[in-house]
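S.K.: Found this in TrEMBL, in case it helps:
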type: TRANSMEM; residues: 63-80; note: transmembrane segment
type: TRANSMEM; residues: 92-111; note: transmembrane segment
type: TRANSMEM; residues: 117-137; note: transmembrane segment
type: TRANSMEM; residues: 149-170; note: transmembrane segment
type: TRANSMEM; residues: 176-197; note: transmembrane segment
Amino acid sequence: SSYASSSALVAEIKYEQILMLGLWPKIESISGKSQLLFALVFTTRYLDLFTSFISLYNTSMKLIYIACSYATVYLIYMKFKATYDGNHDTFRVEFLIVPLGGLSFLVNHDFSPLEILWTFSIYLESVAILPQLFMISKTGEAETITTHYLFFLGLYRALYLVNWIWRYYFEGFFDLIAVVAGVVQTVLYCDFFYLYVTKVLKGKKLSLPA
């Protein structure tokens, strides 16, 4: 599937997150559940590692996605468990996984195991940030370094929209599933983007109505 091609930008973002967790001993405002969902996203998306080989770069980037995702989960739940705020990270992720799993069986490009799992990963990635936003809304604030990470994570998805428009006009390529999922994810970030620009960039601490 075309969307399975690697993006160095996202790999860089995930790597930067690990650096952030390694250098920033307090992770109260980071949602472990969102990171678990991202790990599930990349695991289900890149199972084609076992069935096809495109290039060394492609394979390397897929492995980096997966490794960084699980390394982040390890840092949150193990190394920095003492500062992880599980009391506020309470989003019911099963309310995302179960219906999106069903949707991936009903709406996909091809009814085959790998394609269904790829479709599920696209759907799940579009809403994987919800536990993080829910956690921020419960605590009412987030550390500045966390907001920077979230901003660039959302920005990369917004840039994908630009990429799809470019490919549609110059290559005639259009993937409805990926485009709709990308739009949904970008919309979920809109309120956060507004607060980031109006508060964080002005030196204020980000806060959401609890």
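Glycine residues also receive a Cβ, built from the backbone N, Cα and C atoms like all the rest.
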S.K.: Counting only CB pairs under 8 A, let me know which of 63-80, 92-111, 117-137, 176-197 has the most with the transmembrane segment (149-170).
M.R.: 176-197
S.K.: Checking distant contacts: for the transmembrane segment (117-137), what same-chain residues at least six beyond its ends satisfy Cβ-Cβ under 8 A?
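M.R.: Sequence-distant neighbours of the transmembrane segment (117-137): 1, 3-4, 29-31, 33-34, 37-38, 40-42, 44-45, 47-48, 85, 88-91, 93, 96-97, 100-101, 103-104, 107-109, 150, 153-154, 177-178, 181-182, 184-185, 188-189, 192, 206, 208-210.
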